[in-house]
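Structure, as structure tokens:
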Amino acid sequence: MTPPPRSWLFVPADSEKKIAKALASDADAVILDLEDSVAEARKPVARTIAAEALARAGEGPQRWVRINPLSTGLAEDDIAAVAGLPIAGLVLPKAESGADVARLAAMLDGADFRIHAVATETAASLFGLGAYVGAPRLAAMSWGAEDLSAALGASSKYDADGRLSFTFRMARSLCLAGAVAAGAQPVDGIFADFRDADGLRAEAEAAAREGFTGKLAIHPDQIAAINAAFTPSDEAVAAARRIVAAFAADPDAGTIALDGRMLDRPHLVSAEWLLARLRRWTR
């Protein structure tokens, strides 16, 4: 089984140079963007550039394409441009519920593409984050603050202390819960200041602690920190193995004592999940 990408790197689909650089990076997934990073007049040429780049791409990161929103009338041409090419799937912007994912899935005419929904970019989307269970082809859900900020008319997504304000923390948390409920990978949003390595590292590590298993990126320089944050540390792996071994030694126990702590079955589930994720990355 292919492990879920830790790093999802956006690249403008109308730049051959940037696409080549992204595909040569250590990103686990590269998203060729036909939406926000491409001006309206350049979308036709971007489709051509993206299709040619994808057709000649060899080994390397998973390849995804962010199409334009279903409401724009541009998505059909985006899909046609990459149909039959070796990509993992499509990134669906402005998704508002699992119904949008189902609508996109119905447009794929048998193409073996998965779907990554960007699920918090409109006001209505916040009310649909629990409605992705059973959505066909759904592989991942991520949250985005920039479009949501514009949709809500917010002057800033940060509070006076420089932290995400309540509305955006709520959107982020609901996206995490909605993705897990739907059996999809929960992916944290972008960290906009690609020059702030310490800030990126702190945000990615916090996201990993909360349950996200990957993060969006906007620059190749962000990839190393993101990959590191979502790869279990040696210490965490050792602790998880000790927990699994302790429960295996006493399979009828509901709780066990280990290193001065009382642990129960949820601790075992968490440990097993961490080790399963590690195995998927080290095969």
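The backbone N, Cα and C atoms fix where each Cβ goes, and this holds for glycine too.
Feature list (source: TrEMBL):
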- 6-220: domain 'HpcH/HpaI aldolase/citrate lyase' (DOMAIN)
- R66, E121: substrate binding site (BINDING)
- E121, D147: Mg(2+) binding site (BINDING)
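Neighbour counts were taken at the CB atom with a 10 A radius for the binding-site residues R66, E121, D147; the maximum falls on E121.
With respect to their backbone Cα atoms, D147 (Mg(2+) binding site) and E121 (substrate binding site) stand 5 Å from each other. Looking at the domain 'HpcH/HpaI aldolase/citrate lyase' (6-220) alone, the prediction's average pLDDT is 96. DSSP assigns D147 (Mg(2+) binding site) to a helix in the three-state reduction.
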